[in-house]
Every structure is written in structure tokens, then in C-alpha cells.
């Protein structure tokens, strides 16, 4: 059989590495632009609000890892989808399954776009350095997306989520590195400028409608930057049972949200302070590719390495879900279950090779078709933030804790769901408009 249980050896530090890899990703590079659209007051406040929503989701999901079982006392829900099915039923699981799979796929698309931008930025930086700052140095992104896709086809053969711990550690180090470099470059530019740019109202626009649309897209970008709910239970399922997984995961979540919020404030704040109304959509592309070119090259290389790991952290649960359904449906099929003996460590089999290659091919192809960083990030952030981060965790918590429908706690959580739904619908509409405008302009 392909699907073998692995001993759980995770600790608070491996959980923190997984979360950091999942959270500090391509979204951090767009935060300076988001703050520039919202201004110095609304920008930081909205970032704090999304951080609070993410942490609330984590605390709610901690209670969903184990569910009562009539035969065994307790059932472990090793994935988000398993928890929804066992706690809320098959109908909710069917809807959630579609949403979760869309979430994994759209993250792969965004990561492919971001990696190609960073690889192109390295080539442009070297071109400017060797040919002068007035050189054209224009390069496409398609072949970089193909290169990233080929790398992902290879890395995607890692057997399962528990085997990605080493990759998450490397990716987390890379994310800290390029976030720190981005913040340092922004601070250096502020010192060079001798002033803090930006305003309370953000970037001015010619009409009120344009301002509304830019704000909605900024909300989508921020929504993309924070959540890790969709892989929360997968991370929790890697932890040792002593101390209890719930205790470890709560501590890791608090640490991760505090660390990421600090880095987000640094990247977003220093970026906006440095560039003001000219803040770029991708922070690392805003320093003109001038000196120190090697530092910008290094930061972009860190982005690419991080995204290789980040892609897998979000893709492995998708692969596991699809492969599990095939294994259950075709229990005696050799294509599904036969292991290739040439590489026993990876437990390769024909289905895994074909399925995972096809998934990477789809995300790469879609990224080539819609290579618009800010617009895609905004849509990706808004498209399923509410159901994954807010609605399902709240519903599962209410059922798990047997909270009465009209109790005070139930009413507060329902209001919380409704308010966040309105915000995300606003972000989604604006981000879709931005994507369509970019595609057909």
C-alpha cells in the first residue's frame, strides 16, 4: 500500500516552522502596497483585525482535532476536511471539499507567479548592474514559471505532509531572511529620503469609485497574507501527544501570529514610508534594481526557495485527499497501489507521479494565463477566506461545545461571522474587478 502511517514526532518548533512557511509567503510582498491604499491609520488597524481573526480561527480549530466516537471514545481529525465531515456531516464536507481544494490550487497559482517575478527580478538586477541603469532589461515571466513548475514536479514526490518538516524549516528561515531584507531596505530608503512618506488617507485617486476599488483589493491582499487555517489540523496531526497537541498548537499559533504580524508591520510600514504614493505592488521590485544589487538578488533568491517549500506545505494536503479517495475507490488497482522499487524512500507509484504532475501542470498553466501579481493575490485572499477561516471553524466549535442557538456566545459568534462576510464580499468584488481590468486592459 502507498499510504503508511508515520510516527508523530513534531514539536512546538516544527509546528511554528510549518505555520511560518504557510503564512509569511508571497502575501508579505504586497503589504506595503496594501497599506499605501488604506493609509497610515486604516492600514495597520486592518492588519491587526485580520491577525485577530486568524488567531481566533486557530483557537476554534484546536477544539476540532478530536471528536467523540461511539466505538473508540475519541476520533482524531487529521485534516480540515475530516473534521468538517465528522462534526458537521457529509453535505457540509462536500461543500467544504470544493472550497478547500480551490484554496490549495489558488495558492499554487499565486506562488508560481511570485516565484517567476522574483527570478525575473534577479535577471533584471544583474542586467542593470552590467549594462547600466538606463538599459531596457525587459524579460518575460513564462519560462520562469515553467522552471518553477518543473522544480515542483520533482519536489511534489515527497510522500506526505509529515515528511516536509525539513523543507518547512528551510522555507521558514528563507521567509525571515527576505522579510528582514525588505524591511531593512525600506528603512534605509526612509533614512536616505530624510522623511516618512505616505498619508492618513493613502494614495489619492481621480474618483471616489477608484478609491473604493483600490481599498477592496487591498483588503483582499491582506486577507491572503494571514491565514493558515486550511492546514491547521494537518500541522496539529504531526505533533507528539505529550504535551497534549491542543496545548502545543495554541502556543505555536500565538507565537506565529505575533511574529508574522511584527514582520508584516515592518515590511508594509517601511515600504510605504519609503515609497509613499509610488509604493510598488511587490516590495522587492521597488528598489530600482540598483545597488546593492547583490542584496536584492539574495532576497529574491530567498523568496524563490521559500515558495518551493510553501507550495508543498499547501499542496501535500490536496495530494493526500485525492490519493486517499482513489485508494478507497480502487483498493486492488495496481496503478494506484503499486510502489516503484527504484526509489523506496519516496514510495513512488504511477498514480502519484501522474496525479501530482497534473496538479502542478494546472497551476503553472493558470499562472501563465493570469500573471498579475496584486490582482491574483487579492482574488486568492478573498475567494475562500470567510468559509475556511471563519464559517466552518465557528460552526464546528458550536457543535463540539454543544452551545445553544440563542445563547450569548452563539449570538456573538454569529455576528462575528456576518461582519467578516461583509468585509470579504467587498474585498472579493473589488479584486475580481481588478483582475478583469488587468487581463483585458
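Keep in mind that glycine also has a Cβ here, set from the backbone N, Cα and C atoms.
Automatic prediction, not curation, is the source of TrEMBL annotations.
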Query raised in the report: Given the ranges 211-233, 326-348, which one is assigned the annotation transmembrane segment in TrEMBL?
Result: 211-233
Query raised in the report: Under TrEMBL, which of the candidate ranges 127-147, 379-399 is annotated transmembrane segment?
Result: 379-399
Report task. Identify the transmembrane segment range according to TrEMBL, selecting from 88-113, 166-191. Result -> 166-191
Requested in this report: Any chance you could find the range in 166-191, 293-314, 379-399 with the most Cβ pairs under 8 Å to the transmembrane segment (41-65)?
Outcome: 379-399
Requested in this report: Mark yes when the transmembrane segment (211-233) and the transmembrane segment (379-399) have three or more Cβ pairs under 8 Å (sequence separation 6 or more) and no when they do not.
Outcome: yes
**Report entry** Proximity of the transmembrane segment (254-273) to the transmembrane segment (12-35), 3+ C-beta pairs under 8 angstroms
**Finding:** yes
